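The next block holds one structure in the form of structure tokens; read it before the comments.
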Amino acid sequence: MKTLLLTLVVVTIVCLDLGYTLTCLICPEKDCQKVHTCRNEEKICVKRFYDKNQLGWRAQRGCAVSCPKAKPNETVQCCSTDDCNR
């Protein structure tokens, strides 16, 4: 009986997705509070700053598989802990 119970527990653990899922902020505002659960393959939070037509800097936040390269007139910050892209 104990063996059967142990087997069921092991099978349950293997079948469940017990992997860690990262959360990142996804809104463009300065005081961003909107949290998004990233897909399993997205392990990076990104915050991009870019110059919006000489009207000042804007931020774009989200999840990514890898840290993107910065484009001209853009700064990219990457991190890998929950909600680290504030």
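Using N, Cα and C of the backbone, Cβ positions are placed for all residues, glycine too.
In the three-state DSSP assignment, the secondary structure recorded for C24 (disulfide bond) is strand. Taking the Cβ of C24 (disulfide bond) as reference, residues of its chain lying under 8 Å away and at least six apart in sequence are, in sequence order, V35, H36, C38, E42, C45, V46, R61, G62, C63, D82, D83, C84, N85. Annotated disulfide bond per Swiss-Prot: C24-C45 (among others), in sequence order.
The Cβ neighbour count for C32 (disulfide bond), using a 10 Å radius and every protein chain shown, is 17. Taken residue by residue with DSSP, C32 (disulfide bond) is part of neither helix nor strand, so it is coil. Taken from Swiss-Prot, the feature disulfide bond covers C27-C32 (among others), and the record attributes it to similarity to another entry.
When Cβ atoms from all protein chains are considered, those within 10 Å of C38 (disulfide bond) total 19, not counting its own. If you look up Swiss-Prot, you'll see C38-C63 (among others) marked as disulfide bond.
A coil conformation is recorded for C67 (disulfide bond) in the three-state DSSP classification, outside any helix or strand. The local packing around C67 (disulfide bond), expressed as other Cβ atoms within 10 Å of its Cβ over all shown chains, amounts to 14. Taken from Swiss-Prot, the feature disulfide bond applies to C67-C78 (among others).
Here C79 (disulfide bond) comes close to I44, C45, N85: these same-chain residues lie at least six apart in sequence, with C-beta atoms under 8 angstroms from its C-beta. Taken from Swiss-Prot, the feature disulfide bond applies to C79-C84 (among others).
The signal peptide annotation in Swiss-Prot covers 1-23, and the record cites sequence analysis as its basis.
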If you draw a 10 Å sphere on the Cβ of C27 (disulfide bond), how many other Cβ atoms land inside? 15
Other CB atoms within 10 A, centred on C78 (disulfide bond): 15
Rounded to a whole angstrom, what is the C-alpha distance between C32 (disulfide bond) and C78 (disulfide bond)? 16
Look at the disulfide-bonded residues C45, C63, C84 and tell me which residue has the greatest number of other C-beta atoms within 10 angstroms of its C-beta. C45
